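So the structure is just underneath, and the comments pick up after that.
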Amino acid sequence: MKFIDFSAYKVEAKKLLLIALPILLAQIAQNSMGLVDTIMSGRVSSADMAAISVGASIWFPLVLFGHGLLLALPPTISYLNGSGKRDQIAHQVRQGIWIILFSCLPLGILIYYSNLVFDYMQVEDHLKEITIGYLHAMIWGLPAYLLMINFRCLNDGIAKTKPAMVITFLGLGLNIPLNYIFIYGKLGIPAFGAVGCGIATAIVNWFMCILMIAYCKNARNQRDLKVFAKILEKPNFTTLKKLLNLGFPIAVALFCEVALFALTALLLSPLGTDIVASHQIALNTSSFLFMLPMSLGMAATILVGQRLGEGAADKAKQVSYSALIVGLLIAVITATLTVIFRVEIAEIFVKDRDVIAMAGTLLLIAALYQFSDTVQVVAGGALRGYKDTKAILYITLFCYWVVGMPMGYTLARTDLLMPALGAEGFWIGFVVSLTIAATLLMIRMRKIQAQPDAILFAKLEKLK
């Protein structure tokens, strides 16, 4: 009789947490910048605060698309690192710079001409003017943000996640005084309001980019990589094709996920501000808690890729299931706390008792949502480690847009199945679609892991 070696899973779980914790803290620091921008701009006027929110609905989907293209690098680099082919890592990083050069211009143009979207949506003139100014300022930091991500992916790929954490916290520390100067007009500089947030963010992005590059150039653990010996090399279309085959599905999946929640808010807006507010409370809470499994998923990508590079398919499997076990244990805790303190959580955001009651109901659904969300993001992270990103895209598109959105809309806005449920209908759709996604991603992961090692590694060698 064959027994499971739980000690091996325990070892991999510890390594996962060591990689995931800095990723989590970096995410908290990054999200805190957005919170600081919202709070500080809100002290100027409600229009300035609204401009940050409206601008973010344009900025994040597009920038996350560019970010997603570069997420092909961590599994590629971790595989090379694990297989002892560190001399090939620099080439991948340099080709990542070409991905930035090819993507930055179209993304920048789309952001610059976002006024066309605002005209179509008939956004109020004053709000539109502030939002466009904010986005135009942010564009100057776009190349820096993507360059920083490129070199962060290098560090993540070799399982060095602490530098990004430290640099992001330094960026947060700089963001606050720069906001103070540019939003309110200090040190002889005019008051720019929300546009000042965009200026500050662009400067912070360049600051973090320079720090990240300086670290990579001087870190002892990267000297043998010789990334900067010839930082600019000709585009290698074979390498670029392989990276984009991995990164493009991730980019589209990220874009579609962000777009799903943005569209949900728009579809709820005719139902009144109270319903939109309750939805936003549940979404903000879920987004904050989502950072926990997301960090585990990113750590799983790195460690699965490294184990596969070492030729240890059994250890890659142990990493996948260790991440799932840890993630579900965390989900039990966070879901329980969400249920117990749902009213108190809602009271952090608003004082209106009707909104608190509606948000409390949505948070009950959100507690259930956390289990499916954990499984799908961790399984997706493991699949990225196996370089199987197209399956993630197909499953995401099917579950979110063929199942989740139609079901959510039907339950929320129509009487076809039952009286319209409002925001609850969309959240039920989220739970159902995420549960299906989690199931399909687990099936896909198990199918890949069931392959004979020779076939698995032959496929991975073609993708490196």
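Each residue, glycine too, has its Cβ placed from N, Cα and C.
In Swiss-Prot this protein carries:
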TRANSMEM  16-36  transmembrane segment
TRANSMEM  51-71  transmembrane segment
TRANSMEM  97-117  transmembrane segment
TRANSMEM  129-149  transmembrane segment
TRANSMEM  164-184  transmembrane segment
TRANSMEM  194-214  transmembrane segment
TRANSMEM  248-268  transmembrane segment
TRANSMEM  285-305  transmembrane segment
TRANSMEM  321-341  transmembrane segment
TRANSMEM  355-375  transmembrane segment
TRANSMEM  391-411  transmembrane segment
TRANSMEM  423-443  transmembrane segment
Two-stretch contact, the transmembrane segment (16-36) and the transmembrane segment (391-411), at least three Cβ pairs under 8 Å: no
Recorded stretch, among 194-214, 285-305, 391-411, maximising Cβ pairs under 8 Å relative to the transmembrane segment (164-184): 194-214
Dominant neighbour of the transmembrane segment (51-71) in 194-214, 248-268, 355-375, by Cβ pairs under 8 Å: 248-268
When counting Cβ pairs under 8 Å to the transmembrane segment (391-411), the leader among 248-268, 285-305, 423-443: 423-443
Residue numbers, six or more beyond the limits of the transmembrane segment (423-443), whose CB comes under 8 Å of its CB atoms: 264, 267-268, 271, 275-276, 278-279, 282, 358, 361-362, 365-366, 368-369, 372-373, 375-376, 379-380, 383, 391-392, 395-396, 398-400, 403-413
